[in-house]
Amino acid sequence: MLQPYRKMLIFAVVTVAFAMAVWSTPVPATPSGVGNATWANNSFNITRYDKITMGQVYSNTSNSPIFFVVISERNFRIVNTPLGASVFWIPKGAMNPPQHQPCVANGPEPGDPRGPCVNSTVSLLFNENVEPFLMSKNLLEFEVLPDTYITGWTFERSKTATTKSNPVGVVLSPPRGSPSANTTIRDDGGPKKPLSIIDEYTTLVADLQNFTMTLTYISPFAAVWPIEAFQTGITVMGCDTTQVVAYLGHGFMGLQISSVNNPPLEMIVVPNDVSARILNRRPSRLRLEPPGPHAGPIYKVYVLSDGNFYLGHGMSRISREVAAYPEESLDYRYHLSLANLDTLAMLAELSSGKSTDVSYYMYRIVARLAVATFSLAEVIRLSDYMLLQEAIDVDMNLRLIVPLVMKYAAGGAADSSYTSSDVAMDQFDVAQSQIEKIVSDINVEAELRKPMYEHRSLLRSVYAYSRKPLPNAVALADRLILAMYKEAIKDRITWNSTMREVLFFAVGAAAGSHVILTDEPEPGAPAHKDASLFLSLNRNILLLCTAMCTASHAVSAGLKLEEVMAGLVAGGVQFSLLEVFSPCMASTRFDLAEEEHVLDLLSVIPPRLYTDLNTGFEDDGTTIHSYGRSANGILNSRIAYNFDAVSVFTPELASCSTKLPKVLVVLPIFTNRSYVITRTAPSIGLTYSLDGVNIAKPIVISYITYGNCEVSRATIKSGYLDNPGHTQTCVYCGSVFMRYMVSGAIMDLIYIDDKEVELQLVAGENSTIPAFNPKLYTPSMNALLMFPNGTVTLMSAFASYSSFKVPSTYLWASIGGLLLAILILYIIIKMLCGGVTNDGYKLLLSYE
């Protein structure tokens with residue numbers, strides 16, 4: 001039985017011996033320090049294999065048909081094929097030195113589209129990076145190499161790709177700004193003006209000599225020969241399960257996506273006149289390029305994935321989709337907009353309950369973000385300048401979107417995401433130190449008097465370039481959010497784009513990263529001072545955002561999301577997630593996706609949206625209800641945080657081993673103390689159960705203290721509020737007012753932070769805060785007050801008012817009926833009394 005294999009082995013040995021003779025042919029000497037080919041000597045050994053599979057050997061009429069033989073073990077993916085080994089036949093041409101000139105010798109011309117120098121290094125002996133190609137089995141296991149040419153290896157370009165008449169693709173408005181003499185910083189080796197990190201109109205003029213460092217790109221599949229280009233930067237995204245790296249050069253991008261939970265994907269972008277070369281056993285004249293669409297007017301895109309062989313494979317569809325991205329637009333804003341839109345669609349799909357697997361969004365979103373950085377790098381190369389606002393925009397979007405896609409699409413832990421990019425801002429350390437100095441020098445009280453757009457510029461830079469919370473920035477953020485809260489609870493705030501962005505950046509700048517509780521303290525400060533201050537202020541911000549997330553605001557915010565999703569269904573919109581940012585997205589309310597709140601949202605959707613939201617695939621009611629659930633579900637996402645803010649800022653909830661039931665609301669009301677609202681009673685804390693609430697949706701309020709793992713039950717007592725107007729002391733400060741419905745829906749949670757809010761609480765019908773005005777209550781609404789010491793009291797004033805409130809129509813009808821009854825009674829009495837007085841009965845008797 002071993003005879004065929006013995007013959008095959010002898011044939012392989014003879015072939016190798018013949019190949020050794022060919023190596024004696026004079027070839028250019030290996031440059032010093034180049035190559036790692038100690039295996040190519042006269043003592044080459046072949047290990048004996050019991051089973052060897054040998055593929056077809058192609059002859060080459062134009063060159064010597066001698067091939068070098070490498071034998072490697074492999075696990076066959078074909079069913080019923082035994083474990084064995086493969087014989088790889090590498091063309092002799094791969095032994096020759098590269099045919100192209102060194103890339104460093106041809107520096108790019110400023111602003112010249114022909115500037116990119118991208119070369120494919122097809123060589124073994126003269127290749128410093130040969131080792132991965134000899135040791136890796138990825139080229140087999142991922143099936144990127146075809147044995148024969150297959151249909152679909154080179155596929156048609158997308159309809160959204162650029163054309164010869166429009167080579168740059170879609171360009172958004174407004175047009176890109178031009179450099180200004182007053183705000184331009186030149187990188188020409190001379191004295192430089194200090195970089196103003198908060199002035200969005202600052203322009204950086206690039207020194208192209210800084211981009212002459214070469215990048216050697218090596219395919220992670222070990223399926224494409226190394227590619228050399230001028231390096232411009234690197235973008236990294238990832239978490240504990242996924243890593244995404246984009247290597248960027250002049251006219252070049254190599255994107256690698258690898259994940260524990262999902263198949264890998266690689267995308268390579270080169271100039272349209274460059275041909276990358278794939279490793280296969282074809283002779284040089286038949287050597288394939290990697291798979292991808294046909295070349296475009298500027299670039300050529302290759303894509304490698306697990307689905308290259310299977311046209312109906314999910315990865316095949318994803319590969320063809322992302323391959324179109326680099327050629328859709330050179331405007332980085334276009335790609336950031338679509339990355340934001342895909343993120344919204346991902347959150348909506350998860351919230352609607354239609355799907356729990358949204359991993360395909362990972363490829364789409366991270367590819368968009370990578371292409372955005374590539375597009376910006378190319379625009380910088382072609383224009384020789386960069387606007388500071390472009391750098392901040394890219395970095396801010398990376399920090400906003402990456403944690404969401406890593407958590408929901410890649411399956412990573414909530415606090416394991418990371419991202420960085422040196423494409424837009426290669427002076428990150430300079431920017432970080434400058435923003436820290438600017439913030440340390442500001443006067444918070446004076447800063448508060450500035451307009452909101454200046455707050456946005458400052459906090460935006462802090463959010464983008466400070467990886468730790470800065471004391472003054474946290475204090476400023478807290479004061480700004482408090483000012484918004486004062487207006488929001490009175491329904492006097494206008495949630496325009498500036499207000500939404502200020503709120504988002506304030507929350508993000510205050511929170512920083514979740515490591516703030518263990519960061520080194522500021523110089524000269526006690527070890528615990530900064531951490532306790534940051535914790536206290538962030539707890540207060542959580543509470544204020546929760547209080548701003550009233551039922552009416554949640555409905556209006558949900559309606560805004562409905563309109564965005566209606567536009568998505570109707571044909572697509574381009575936007576930023578910050579355009580729909582809401583206090584609810586930074587709050588500790590987890591109940592907005594419940595049925596009651598969804599129905600509240602659906603009740604106010606304008607009729608014009610019903611046509612847009614109806615896709616025709618479902619019944620109208622089902623479709624509308626699904627979008628309502630999606631909108632409210634998105635409000636439940638805390639997109640301002642790249643970590644689990646509740647667990648970090650409310651450690652008392654995890655101080656005991658007892659696991660809490662599903663939480664509706666968390667109220668960090670005092671240091672190390674929080675109220676938690678649930679549907680079922682937890683086995684920890686002081687617990688209250690509300691009476692008169694739908695038994696299917698009960699409301700349970702628990703007061704949890706850090707380290708106290710005992711459980712006790714208490715009864716909510718009714719009471720009237722004492723009017724504290726005669727004293728300057730704030731009696732109810734630190735308390736939370738809750739308005740709820742007998743159906744079990746929580747309407748409002750108003751935090752009483754000062755005397756002004758306290759006086760509005762007892763003002764009755766004259767209150768300027770709608771939640772405190774009993775005239776706006778219906779018989780199905782009640783209110784209670786949660787004190788910071790753990791006492792909960794039912795507000796009798798609001799309950800009694802609602803109990804005796806009757807419609808005016810019923811009242812007037814009752815009065816009319818009463819008057820009519822009195823009139824009828826009067827007539828009867830008049831008749832009786834009149835007959836007796838006039839002796840009518842006597843006359844009647846006499847007559848008889």
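Using the three backbone atoms N, Cα and C, a Cβ is placed for every residue, glycine included.
Feature annotations, courtesy of Swiss-Prot:
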- ASN36: N-linked glycosylation site (CARBOHYD)
- ASN41: N-linked glycosylation site (CARBOHYD)
- ASN45: N-linked glycosylation site (CARBOHYD)
- ASN60: N-linked glycosylation site (CARBOHYD)
- ASN119: N-linked glycosylation site (CARBOHYD)
- ASN182: N-linked glycosylation site (CARBOHYD)
- ASN210: N-linked glycosylation site (CARBOHYD)
- ASN496: N-linked glycosylation site (CARBOHYD)
- ASN672: N-linked glycosylation site (CARBOHYD)
- ASN766: N-linked glycosylation site (CARBOHYD)
- ASN789: N-linked glycosylation site (CARBOHYD)
- 166-191: region 'Disordered' (REGION)
- 240-303: region 'Interaction with gL' (REGION)
- 25-808: topological domain 'Virion surface' (TOPO_DOM)
- 830-848: topological domain 'Intravirion' (TOPO_DOM)
- 809-829: transmembrane segment (TRANSMEM)
Between ASN789 (N-linked glycosylation site) and ASN766 (N-linked glycosylation site), how many Å separate their Cα atoms?
29
Summarise the model's confidence over the topological domain 'Virion surface' (25-808) as a mean pLDDT value.
74
DSSP helix/strand/coil residue counts for the region 'Interaction with gL' (240-303):
3 helix, 31 strand, 30 coil
Sort out for me which one of ASN496, ASN672, ASN766, ASN789 has the most neighbouring CB atoms within 10 A, since those are the glycosylation sites we care about.
ASN672
How long is the line from the C-alpha of ASN119 (N-linked glycosylation site) to the C-alpha of ASN496 (N-linked glycosylation site), rounded to the nearest angstrom?
49
Can you grab the distance from ASN672 (N-linked glycosylation site) over to ASN496 (N-linked glycosylation site)? Cα atoms, rounded to a whole Å.
35
Please work out the number of neighbouring Cβ atoms within 10 Å of the Cβ of ASN119 (N-linked glycosylation site), leaving out its own Cβ.
22
Conformational class of ASN672 (N-linked glycosylation site) under the three-state DSSP mapping:
coil
Given ASN766 (N-linked glycosylation site) and ASN496 (N-linked glycosylation site), what distance in Å do their CA atoms have, once rounded to a whole number?
28
For ASN496 (N-linked glycosylation site): DSSP state (helix, strand, coil):
coil
